[in-house]
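Colleague: Take a look at the following structure, please.
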Amino acid sequence: MKIPILRNVLFMKKIGFLFLTLFSLGIFFSACDNEDFDAPPHSEPQYSGESNITIKDFKEKYDEVLVEVTDDDILEGVITANDISGNLYKQIFIEDETGGLMVAIDRNDIYNDFRVGQKIFIETKGLYMGKYGGMPQLGYRYSRNNDGNYSIGQMTWEQVKEKIFKDGYPDPEIVVPAEIDYNDFTEDNYGRLVKLEGVYFDDSGQIFSYPDEEGSVQTLNRVIRFAADESQTVTARMSSAADFASDTIPSGVGTVTGILTIYSGTVQLLVREKDDMDFETNPDGWGIEDSPWSVQYALDNMDQDKVGWVKGYIVGAVADGINEDNPITDNYGIAFEAPFLPNYIVIAASPDETNWENCLVVNLPAGSDMRELVNLSDNADLLGEEIMVYGSIETILGAGGVRIANGTMDEFRIGNIGVEIFSASFASSLEPFTEYSVSGDQKWIWDSYGYAKMTGYDGGTNYANEDWLISPAINLSGYDAANISFEHVSRYSNNNKEDFTLWISSDYTGGVPSSATWTQIVIANYSSGSSWDDWTTTGNLNIPEEFMGKANVYVALKYLSTSSKAGTWEVRNLVIKSGAGETIDDDDPDMTPEGDGSRENPYNLAAVIQNQGVSTESVWIYGYIVGAIDGYSISDAIFEAPFGEANTNLLIAASPDETNPNNCIPVQLPNNSVRPVLNLVDNPDNLGKMVLVFGTLETYFNVPGIKSVSNYVLDGQSGDPDVPDDAILSASFLTTLEPFTAYSVSGDQSWVWDTYGYAKMTGYVSGTYNANEDWLISPAFDLSGYDAANISFQHLSRFGNNTEDFTLWISSDYTGGDPSAATWTQIVIANYSSGSSWDDWTSSGNLNIPEEFMGKANVYIALKYLSTSSQAGTWEVRNLLILPGTGEEIGGGEEPGDTEETPQGDGTQENPYNIAAVIENQDATTEKVWSSGYIVGVLNGSASNAVFEEPFGDVTTNLLIAASPDETDPNNCVPVQLPNNDVRPVLNLADNPDNHGKLVLLYGTLEAYFGLPGIKNVTNYVLDGQSLDDGTDDTPDGTIILEASFASTLSPFTAFSVTGEQTWDIDTGYECAKMSGYSGGAVPNEDWLISSTLDLSSYTAPYIVFEHAINFANDLSTFTLLISDDYNGGDPSSANWEALTIPIMPDGDSWDFVESGNISIPAEYLVGGVTIAFKYVSTDEDAGTWEIKNLFVVE
């Protein structure tokens, strides 16, 4: 019997004490020597029942904030974590093959009873499942204030003894963490024990945690970062109660193991004990500043999309005459001795290297700090010096290289340039800074979220304060240049530049700061003030020259507030580095804010910075287009072509030649009409041009920026819609509701202008439907002199009753104010959007203005919105236009009139919908229906480009159908999508012009297409009496054992995702099962499509056959068919699988389906309990698409 060490020690102590006592009494019973003593009674714990639900299914079943378990659900799992180190508190975690689960227990030192590796069963009935911060946990309900309001809490120890049962002895060897990376931070892995490799701590060198100022236990956030992609992080929670809390956080790159959890959207890791962190040296480095790659590693990993730090020695420069047309092919391509050109350096592992094949070429971007300070032409003494550079490992001029993006001080380290002199993260305390309060009761404090904080606002009252946060003495001797930077959030101040300031002194000796001489360092960038998440970098601020070479220098953050205005200043990650920064001059004319934000007098860039977050209204701004950001931060700025994939933003500056990202403003280009015109990827000639943009002033890429841009002026052209010269009235709503006026009859909501460039009204707010009647009313317009006019606009209508809730009205006796005081006549809107998407902008049609309003001088039109407390839709409107001439007569009077065609049909093949019914039933169902109409034309690119006669060009992807074979008005037509399936070749007019005018029946979904009521996902037709159903039956001869068409469901197959967020699904448009690992780029995935269980025991020669298509794939071996006879559900890795050879594979570059050929099932699988599965694998470099349909298992 194994006795725990602690118990054995206590036992021996008791025996020794007993012997000593007996000996002292002279009593010793030697006669007992031959007596045999039985071992203490002990039996291995066993649980007589069995589990009936997996952890994954249990979490899905009780996926609520708080819910009582009422069924007899029994869980089985192995304990993967407990509170043995003190870093976990009153909780254990268990796992089975399907997932992990947190179990909350109101008891300390749980590890004494529940060891890692112990199998347990939990009888969950009567317990509670819930979520705390989004993290599922099993426990019991808890009322914090005993007020009957419950949330998830811990189960009592008495409940533990009643509900949790051990089974067998603990075996820690069976607990093996899953090795994952940031792509696997998914719901399925929350609660699991995981191992993260190739990671490092941001706060290396500090201790893990410590008590708060009152000495109480606190838990600190320690950021873990992935060396392969430093933008990817996870937050490690470190408690001051942990037995390793006072140990030093390791440096370098290593492995961290822990429980993956989620809290309020932040992915976290709970480390169980110190041994969960394993950090070892790597001779090739990890590509981070503390552990750079070697030159040899870079040469071995060229052109593999790797970006990071590389260390080597400067051995030369690129020789004269070398360029892309004349690349480096031998040693003559590199100048290993003077004279040197200034545009490149060459580095190697040894300062004596002279073989070009062992070298890396490093570009020095024009105009950059790096070129000025590192080029050998001006700095010949750097030859042979060690250097670190940050860039992309890629071929340059035919040789191995490191491509530098911008050449800033943050992208190289040489000598004492860029060396960190001093830093204070404020992640866990104010140290090493000291706070000093000159006036006011408030003072600088450390906030447990990991920053220094000062505010004069307390308890709803503003207080006057002057408070300083002062550094210790900093030694700048030996440095001729240095810069300081930090991140900060600044909100609610009178004036950021006056209330939140940075100062430096060389004669401060402690105590009151006024006893010393202080010089201000002007901060370049403040946050917008619109959010507590708007962390903004100050820029690398130059420390004045007069402080260089001095040994006792202090920096300080100075805060001011008044009794009428008290802002809040939060600061973190303050760093002083060697090397020049930027000097911001308050008197610099470029820094003087100008403009009022109007189109006639737009803001300059200084005004953009000054007015960040002042208002949510859009304003006009001007500047020069100088680049874009191709990455995650302002440091990823690109100032010359090519601009990669950076089509979603711009950088603008005060000068067309600006190449310093700290002097630029990032501009968001939303996915609207602005992006195609302004982005530099598609329009590189825009570089250097003056532009006006209309958007909101708010933080973007963590610096002052411009977002939600909805209009522009470039080269004298703007985003304003074209308005015909004879327009009677126009309102684009691109930048304002004007000239219309909103009037709310009832309800708190009203018409508003949306920054994406349209008028908008909704009664749905914060999850609640609100009853409303709201009007958007035009100014008076003059119809005298006109005998006909029409109105049109684009609109998007969702979640309402279109014809009742979103209506158009006209009046000639309205005089302002409440519209109910006037007489209004309805103009019936011809077309509404399908409601399926926020992109389904639909033309209303050219609607006839009733004859009785012609010739009148004061006419008004209005958009009327209605909602109720049970239904509140959304209506968005833009580009409204009234033109002379007749429109279409849809109806009139107080009630909508009839359309030209009455809706008919029920959507069956025997009684298909007519055109009117297609329009009426848009989005009524997601199921396919039959519709009929005459083929009359095509749309060539947009709804306004209808073609009704030959030639039909290259348009093969759509048709127009109508109620009459002679229809030529696009407003009376329905567009039909022709997917790339068997329908397109037969129906399209480009290849089949004789189809023009013929009656066709179509089987597809009713949803918007080209912004109009349409038909999509067509998979069958009847034309000239022929359809896809005609001809021979595709079903194989023989006995069908299993059939799966995948036309509308995956059944009888089931999808299982091993890794990655993508999964097998149905493509209803092409009626197939589909899997792709591409989501904005190639993403690693392993996904299975698994059949139901087959009984093949009574068959002798069954085979599998199906149709499939593969596109965008390089490696066809990642698309496999497998078979198993021991799969029991859940994770397929728990079973044994054998691959089956697919005789005919697609080429991998086409959507064309091919038949697989007959795939024989091996004889050893002619038993019961057989499963077949399709296994899909993708990587971050190769993510093809696999489509499968019409599968049969047949004898």
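Just so you know, glycine gets a Cβ as well, placed from its N, Cα and C.
Annotation comment: TrEMBL describes 51-276 as domain 'DUF5689'. The domain 'Endonuclease YhcR N-terminal' annotation in TrEMBL covers 295-403, 604-714, 913-1023. Under the heading region 'Disordered', TrEMBL lists 886-911. The compositional bias 'Acidic residues' feature in TrEMBL is assigned to 891-903.
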Colleague: Mean pLDDT for the domain 'Endonuclease YhcR N-terminal' (604-714), rounded to an integer?
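Modeller: On average, pLDDT over the domain 'Endonuclease YhcR N-terminal' (604-714) sits at 86.
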Colleague: Across the domain 'Endonuclease YhcR N-terminal' (295-403), what are the DSSP residue counts per state (helix, strand, coil)?
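Modeller: Residue counts in helix, strand and coil order: 21 helix, 37 strand, 51 coil.
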Colleague: Write out how many residues of the domain 'Endonuclease YhcR N-terminal' (913-1023) are helix, how many strand and how many coil, based on DSSP.
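Modeller: Summed over the domain 'Endonuclease YhcR N-terminal' (913-1023), the classes give 16 helix, 43 strand, 52 coil.
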Colleague: Based on DSSP, tally up the residues of the domain 'Endonuclease YhcR N-terminal' (604-714) by helix, strand and coil.
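Modeller: Residue counts for the domain 'Endonuclease YhcR N-terminal' (604-714) by secondary structure: 20 helix, 41 strand, 50 coil.
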